[in-house]
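Asker: Here you go, one structure.
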Ligand code: UT7
């Protein structure tokens, strides 16, 4: 079977920069706390009305497609990863297909949060390997700012996340030593609710604890009272320390799994591009694996955690900065809500 390779890569971040000090205008937080606990200095927030998860994905996709030396008409499948879609349904894949005037190709939406991009890459990789498609567009995009609460009650969540998009075009590799060597996907739903957004969802009532929406109603329940919404029923929930503890175990585990599967070791990694969850997590993983500073790429300082977009944005920035050369071994790894985690090893 032919391996797949990244033939083109691009990213897009909105122009609005919000520093930590800017956030302290809305909530009780400060630059020192945010930098010390997360490494984040600033993040980008999309225009509230003009930009969406899809439009940012389109901007990243245009660059990836151009760099692959093809046109949007050549794309024969779309895989779009996001947790912050434009609509509850339909997904962003079809909106991107419409926006980019693509042919009536298949569009698949991936709901795997922080590991969404690597899951999407893995799916696309299988389609290239079997020869079913030739040019697959894989997008990770997030507009978190629209669903976040900028009040002190949500400060542990809202200082971390940012908006942006990244995209790659996957094609069959001509050279058999090149391309995606393997991908590794995992999940453990036993703690699914410790990093979650329950509303809108068909089981949201259960998680509204003492205040389910319309408890006496025979059917329905999606629509909440104004009081419930104002009380924060539709906000993301995160038990940060619990997520942190799991992440520092699963990141190294899934990276080692990828290396072992390819008879390689940590020393063979030229560049590790981890999901940008928290700089402290990346540094801990780096230390555990014994990697030099120039072998790990981080840009969370500038963009915060952009969930499904973080790996392709970081990969693209690293590539643009000349940190990835032909023949390099690049490792991608991610961990997040679900829990889901994943890795990919790529011979560039
Ligand atoms: O992409 C994957 C998804 N997410 C993650 O990977 C997140 C993993 N977890 C983390 O990154 C960290 O747990 C956080 C950065 C979210 C939080 O850092 P922490 O060191 O675990 O802090 P904490 O939640 O234990 O809170 C410590 C204190 C609390 O105050 P008290 O109770 O000790 O008085 C919080 O209320 O820090 C307070 N706090 C803040 N203070 C200033 C929480 N958020 C803030 C804030 N500014 N933004």
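Even glycines carry a Cβ here, placed using N, Cα and C.
Note that TrEMBL annotation is computational and uncurated.
According to TrEMBL:
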ACT_SITE  114  active site
ACT_SITE  275  active site
ACT_SITE  305  active site
DOMAIN    108-189  domain 'Beta-ketoacyl-[acyl-carrier-protein] synthase III N-terminal'
DOMAIN    259-348  domain 'Beta-ketoacyl-[acyl-carrier-protein] synthase III C-terminal'
REGION    276-280  region 'ACP-binding'
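Describe the structural context of these features.
Answerer: Around residue 114 (active site), the same-chain residues at least 6 positions away in sequence with a Cβ under 8 Å from its Cβ are 275, 277, 305, 307, 308, 310, 334, 335, 336, 337, 340.
In the three-state DSSP reading, residue 275 (active site) counts as coil.
Cβ contacts within 10 Å of residue 305 (active site), excluding its own Cβ and spanning all protein chains shown: 23.
Helix first, then strand, then coil: DSSP counts for the domain 'Beta-ketoacyl-[acyl-carrier-protein] synthase III N-terminal' (108-189) stand at 28 helix, 29 strand, 25 coil.
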Asker: How would DSSP class residue 305 (active site) in three states?
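Answerer: Strand, per DSSP.
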